[in-house]
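Worksheet: the structure to be examined is printed underneath.
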Amino acid sequence: MSEQLVTPENVTTKDGKINLLDLNRQQMREFFKDLGEKPFRADQVMKWMYHYCCDNFDEMTDINKVLRGKLKEVAEIRAPEVVEEQRSSDGTIKWAIAVGDQRVETVYIPEDDRATLCVSSQVGCALECKFCSTAQQGFNRNLRVSEIIGQVWRAAKIVGAAKVTGQRPITNVVMMGMGEPLLNLNNVVPAMEIMLDDFGFGLSKRRVTLSTSGVVPALDKLGDMIDVALAISLHAPNDEIRDEIVPINKKYNIETFLAAVRRYLGKSNANQGRVTIEYVMLDHVNDGTEHAHQLAELLKDTPCKINLIPWNPFPGAPYGRSSNSRIDRFSKVLMSYGFTTIVRKTRGDDIDAACGQLAGDVIDRTKRTLRKRMQGEAIDIKAV
């Protein structure tokens, strides 16, 4: 847990109760102290909440009846509800989760040796990356801690809590769903603290990954708040291409971004000295062998492994997916420089659950859809 206390933006529900899913362990202990209880009560309740996915105080049998009654008066455990489930032919599950009057999407990806949950951090996204479905819908708001960790809680409840099944239902969490996590640090960090906490989900810091498109000041703050694995959405070998497809690059260019990444690696143990580079393959945009040579030169001073991501289409997008032969040539160039290079296997694309396809249901405060229509650009985003 970070030494700095991170305060959620809002921890009370509409009826004035505290949602305990909004509190990390330090905050939970303060809550019980304010109730006149010993701090260890926080640990007991957290174990019920996260090890058993229990949301009923009456089922917490090692808590005395008086305290259970007091908790029911002032607190609750309320995770966001699943309103729709879609299952892919490859076993991937996508859940549409209600957050207020809107929806975000959470994706469960089971494999033989692991089960990864892709979690959203915002309703929509403000960064306008041109190849991403979420970004085309605009931005509405940040998710609360309970709405972030609640996605993990809800998924674990569905697939089977650890203490109930005897197995860990979720081995890895990736903050790669809807939104830019670094633009919601005050809620993302305490949620990740609960993921790592032994009284929470107890995940290794190497198995919780935050992905960012390059909000440099927030990345520097992250390194002082928590240690988790880092992935960066680079997607281009030079500023000219990245300015076009990842517009935040105009504010924090590649050199500035990679310098911040190296600073983070200097503070981190979770990354084992290297960052994961995410590179979406766009046909004849960033996927030529000349781009691969440029990328290798660009990353020569940044310890990393490179994930090449076949682009996943969505309606109205201006790009095409790179052919397998172009991806293969690109990969071989990078490997010739000594880079560990992996072509990511596409999962869940038949239910629009693959990388870059998450849409949810966003009330767009940025009016991006309206602006694009006024500019004559056709928008046809598939909502859940």
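Our numbering is plain: 1 for the first residue shown, then up by one each step along the chain.
Just so you know, glycine gets a Cβ as well, placed from its N, Cα and C.
These features come from Swiss-Prot:
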- Glu105: active site, proton acceptor (ACT_SITE)
- 111-350: domain 'Radical SAM core' (DOMAIN)
- Cys118-Cys355: disulfide bond (DISULFID)
- Cys125, Cys129, Cys132: [4Fe-4S] cluster binding site (BINDING)
- Gly179, Glu180, Ser211, Ser233, Leu234, His235, Asn312: S-adenosyl-L-methionine binding site (BINDING)
- Cys355: active site, S-methylcysteine intermediate (ACT_SITE)
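Location within the structure of each feature annotated in Swiss-Prot.
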| residue | record | CB count, 10 Å |
| --- | --- | --- |
| Glu105 | active site, proton acceptor | 26 |
| Cys125 | [4Fe-4S] cluster binding site | 28 |
| Cys132 | [4Fe-4S] cluster binding site | 26 |
| Gly179 | S-adenosyl-L-methionine binding site | 30 |
| Glu180 | S-adenosyl-L-methionine binding site | 26 |
| Ser211 | S-adenosyl-L-methionine binding site | 21 |
| Ser233 | S-adenosyl-L-methionine binding site | 25 |
| Leu234 | S-adenosyl-L-methionine binding site | 29 |
| His235 | S-adenosyl-L-methionine binding site | 25 |
| Asn312 | S-adenosyl-L-methionine binding site | 22 |
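There are 28 other CB atoms within 10 A of the CB of Cys118 (disulfide bond), with all protein chains counted. Note: the CA-CA distance between His235 (S-adenosyl-L-methionine binding site) and Glu105 (active site, proton acceptor) rounds to 23 Å. Sequence-distant neighbours of Cys129 ([4Fe-4S] cluster binding site): residues of the same chain at least 6 apart with a C-beta under 8 Å from its C-beta are Ala135, Ser213, Ser233, His235, Ile245, Val246, Pro247. Look at Glu180 (S-adenosyl-L-methionine binding site): DSSP puts it in coil. If you average pLDDT over the domain 'Radical SAM core' (111-350) in this model, you get 94.
Spacing of the residue listed as 'active site, proton acceptor' relative to Gly179 (S-adenosyl-L-methionine binding site) is 11 Å (Cα to Cα, whole number). Binding residues for S-adenosyl-L-methionine (Gly179, Glu180, Ser211, Ser233, Leu234, His235, Asn312) extend across at most 19 Å, taking the greatest CA-CA distance. Within 10 Å of Cys132 ([4Fe-4S] cluster binding site), counting C-alpha to C-alpha distances, fall the following of the recorded positions Cys118, Glu180, Ser211, Leu234, Asn312: Asn312.
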